[in-house]
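Visitor: Can you keep this structure in mind? I'll have questions shortly.
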Amino acid sequence: MSSGERVAKVVLVDIEGTTTSISFVHDVLFPYAKQNVEKFLRDFWKEDDIKHIVQDLKQVPKFADYKALLSAPPTEVDVELIAGFVRYLIDQDLKVTPMKTLQGLIWAQGYANGELKGHVYEDVPAAFEAWRAAGLRIAVYSSGSVAAQKLIFGHSLAGNLQPHLSAYFDTHVGHKQEQQSYENIAQQLKEDPKQILFLTDIPGEAAAARSAGLQAIILQRPGNAGLADDQKASFELIPDFKPLHNLKLPINKSQA
């Protein structure tokens, strides 16, 4: 099925490499979190939500591995230890939910004080408008926390895009290369999986979504990873959202 012939009721978008450049995430957001995590923890260490995040971080299996790497492991959990562990997780690109939650809080400060603006590709706002006008819902599924997702779209270079978005999903619903995650999303959206179109840059995510019954298209944005020949043969590939501007709702047979 070509892009121009597709119908759907929901467009489910990934962020990194799909709506937003990978370089923004890796070259702007991650370094900002690394640079500011220790100060943020010192400022809010006694707040209940931070205490809960710290407790969750201590339960991450990699926490013991990280402490074993230290020449002089501390006898108690303090700001410096947790900040170092978060920087370690970021460097390893490990998508750990409490770390993502903490990153989201740090980024919230950056967006609020104007130090950060969310990058979106120039074709994204027009696509969002077209899909909404056609009656489709738009949802987001990213490994970044829901809070972080809302910040990117709420403080984007194109302004506040949140009014276009009806739902957000992160790793609380499951990991992105697992079929069950997409089944969970379809259930939460109360939608037939085949009426959901998932847009991503990762073949493993597209395969997991398709195995759950969703439609899936892979974005080949500048800077995205190259694809093997079998991956190119398995999925429809598009360079941006423009081929999908005419996406429509399925025809209601009772009205046809």
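Heads up, the Cβ atoms here are built off N, Cα and C, so glycines get one too.
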Visitor: Where Swiss-Prot shows D14, E16 binding Mg(2+), which of D201, D229, D230 is named for the same site?
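Guide: My reading of Swiss-Prot gives D201 as the candidate in that site.
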Visitor: Out of K117, K176, K190, which is the one Swiss-Prot records at the substrate site of S142, S143?
Guide: K176
Visitor: So which other residues, same chain and not among S142, S143, K176, have a Cβ within 8 Å of the centroid of the Cβ atoms at the substrate site?
Guide: D14, I15, E16, K95, Y141, G144, D170, T171, H175, E205
Visitor: In Å, how long is the longest CA to CA span across S142, S143, K176, which the record gives as the substrate binders?
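Guide: Output for substrate binders S142, S143, K176: max Cα distance 8 Å.
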Visitor: Where does S142 (substrate binding site) sit by DSSP, helix, strand or coil?
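Guide: Assignment for S142 (substrate binding site) reads coil.
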Visitor: Please classify the secondary structure at E16 (Mg(2+) binding site) using three-state DSSP.
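Guide: Looking at the DSSP assignment, E16 (Mg(2+) binding site) belongs to a strand.
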Visitor: Which ones in the same chain are close to D14 (Mg(2+) binding site), with CB under 8 Å and 6+ residues apart in sequence?
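Guide: Within the chain, D14 (Mg(2+) binding site) has Cβ neighbours under 8 Å at V140, Y141, S142, K176, F198, L199, T200, D201, I202, E205, L219.
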